[in-house]
Amino acid sequence: MPAVQLALQHLGKQPAPLRNYELQFHFADSKCDNAKALKAFFEAIFYGPKHLMVFGGLCSSVTSIIAQSLKAWNLPQLSFAATLPALANKRRYPNLFRIVPSNSAVNPALVKFLSNYGWRRVGTLTQLEERFTEENDVRIVIGQFDEFSAAKVFCCVYHLDMFGLKYQWILSGWSETSWWTHTGTSSCSAQSVLSAMEGAVSVDFETLSSQHIRGVSGRTPQEYKQEYDKRCMLKGLGSSKFHGFAYDGTWVVAKALTRVMETLKYREKYSAHRNFTVTEREMANMILQAMSDTKFFGVTGQVLFRNGERVATIKFAQFQAGREVQVGEYSNITDRLEFAGPIWFKGHERTRDHTHVYPQRMEISMVLYSILASISVLGILVTIVFLFFNIQNHNHRVAQMSSPSLNTLLILGTLLSYSFIFLFGLDGSYVPEGVFDALCAIRIWLISIGHSTAFGAMLAKMWRLHLIYESISFRKRNIKNYMLIGIVCGLLLVDMCLLTSLQVLDPLRGTVKEFSLEFDPHGRDFAIRPFLEHCENIHMNIWMMIMYLYKTLLVLLSCVLAWKTRHSNTLTLSHSRCTWISVCIAGPLSVIGAFLALLTRDQPNVQFCIVGVIIITCCSVTLSLVFIPEIILMRTDPDGASLSKQFHSAEREKESERVSEEKESSTKQTDSSASSSMTLISTALIDLLQSDNKYLTMCISEVFIYVIMLIPEVLYLAALPCLFVLFFNVDECISLTDVFLCSVQRRLSLQLPILHHAYLPSIGGVDASCSTPSSPSFGAQHGQEPPSFTGMVHLTDMK
């Protein structure tokens, strides 16, 4: 009421034609009761005087029920406080105009505001809504409720911890100062509500323009506000949110009616008909058209109607430190959003509209890849050196005994295995998607063929050694190279069949495996979803089981043959000991590494480290134990003469054992055909012979026990030259080896003095000196009795 009275006062001071007319209002208080509103409306129509317009009402429900009946009475209506969006329906309310913006007028401003910050996922919290919807992971919440419910809402927000960095509240459609101080029905204090409200943004139509422009009344909005507050103070009335719209609405009514009256005067003056009349329907349409054409700057900003709705200015304010600070303004006329101040966000970064998930590839560490790749390069270079050495010395007697063809295959297998490390460390971050699919196939071909080639060569070596070790004479086993190479080719043929079937029937392709979300430990509103690229196919488990079973059987067979030939004392095949040691080391390591790689598929760095270290270890140990002893033997015996002498000595030992067995057999036959007078002597001789045989068996067992005890020293002896060849010169390595052999021989001679002097020479043992092992004289053994038999004769003579 004070705003309308102030408008009427200002209208009376305006120039013509406004001052030529006087607005008369018939006031009725409906008290927001629909029945009372209808009663007052009908009484005004019935008792008169004749009304031209309806101005009001304050409540949306009263405005709605009056507006539906206005068409029958041919009366236009201008509302200054009803903000219900449903009143914009012109089919239902054709005669209704609103100078106050609708609550839906903030929607274009909200869309502009949300788009400015890139928020696309928004939730709404609406008052008096019977339908409920669920939205997951909502961070931007638009609250559409009045200030009376706000305290309860933000009390819940405070208890649920739905404020701060992760949430942004936008309060739409109302603006009331200090409403949070009225928290009588909530369980929170005003300070708790303010804490939950901190950073919230309110968006509402502008109730009083902030521009310092003199409007239609000749006053700025600020000057009008001073006059209005003074009038309210004098009358002891409180301020209303809609007083500015009531003031501008009065001006709209005055200007529209003045324009219609002036039009009617003009028509009556210049009409051809003397009795000019206007119907009520025509009068209502003229007033509605006049309001549609009204345009001026009022205390609430630019007054402009579009389809009966006010085109308003929307302001944005933020709660900062317990008070509202205007931060932006949106004009529906120009569709522009301008910021008057910065938007404050906790953490100095804008709130996200939902939990942003950032995919993160689980890739192999570049440092780890560089280290293992560098070691692999070094291994490849050393392997190439061994390859040239094997080709250059393939005719040497030492190389011939080690089968250079198998050594070449062994080198090729290790080269493929070393190359596998480079490709195994590559993923989608280094190669394109199409290339990664081809890389999956190349990987499995490299490792499978490399493993079969290397272990196939070792298996062929062990098989040849097994045949030689099980035979009585070397000449009974004439093993050709093509037989050994055939073993490797057979294994490769099995590999080719398996890999070809895999490539044709169920090829490996790059697939992505995603893991569970990992939220930011610092509380920021984003999460990381790790993903890993795998090489997989449809029947991955079946193919892996077949491949693992085949490779495990290959390794197991090699280890069995190596174990069965571990006690071989054949001097010509002394390098075989290094071969079975390498098989026993590389075989179990390769099987264990394959299963560990399968178990660590979801940990790329661990898997790559295990696979790389095991491949490098197996290849390095195998090459070192196969080729370094050959290099040492070639340096100590360049022409192979010592090797030939040892070879023939071994043959003579075999032959002497055979002759001794024949002589013992003939002696037994001669003793059995003696006279009965010698029965007691023969019985005594047999008893002594049996006891002597038991004693010899015990001594031989002790020899084998000590040989087995010396295996760790032999392993150390095999590893020590490897290190010295790599880091020092070969001469120092050879001298160190000779010193170590001497120490071992002396240790054996000191531990078994009686066995050493009495029995070792007879079974091909060594002397107490540090010289090389000497073979017993073959002719001497044929020319005299065995030591045990001589002892028996001496004992008989004493009796």
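Heads up, the Cβ atoms here are built off N, Cα and C, so glycines get one too.
If you check TrEMBL, you get these features:
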COMPBIAS  648-666  compositional bias 'Basic and acidic residues'
DOMAIN    368-650  domain 'G-protein coupled receptors family 3 profile'
REGION    648-674  region 'Disordered'
TRANSMEM  366-389  transmembrane segment
TRANSMEM  409-430  transmembrane segment
TRANSMEM  442-460  transmembrane segment
TRANSMEM  481-505  transmembrane segment
TRANSMEM  542-563  transmembrane segment
TRANSMEM  578-599  transmembrane segment
TRANSMEM  605-628  transmembrane segment
TRANSMEM  703-728  transmembrane segment
**Report entry** Interface check, the transmembrane segment (442-460) with the transmembrane segment (366-389), three or more C-beta pairs under 8 A
**Finding:** no
Report summary line: Averaging the pLDDT values of the domain 'G-protein coupled receptors family 3 profile' (368-650) gives 80
Query - Intrachain residues whose Cβ lies under 8 Å of the transmembrane segment (366-389), provided they are six or more past its termini - result: 408, 411, 414-415, 418-419, 421-422, 425, 605, 608-609, 612-613, 616, 619-620, 623, 627, 631
Report summary line: Contact set of the transmembrane segment (481-505) with the rest of its chain, CB cutoff 8 A exclusive, min separation 6+ beyond the ends, reads 403, 405-406, 409, 441, 444-445, 448-449, 452-453, 455-457, 459-461, 463-464, 537, 543, 546-547, 550, 554
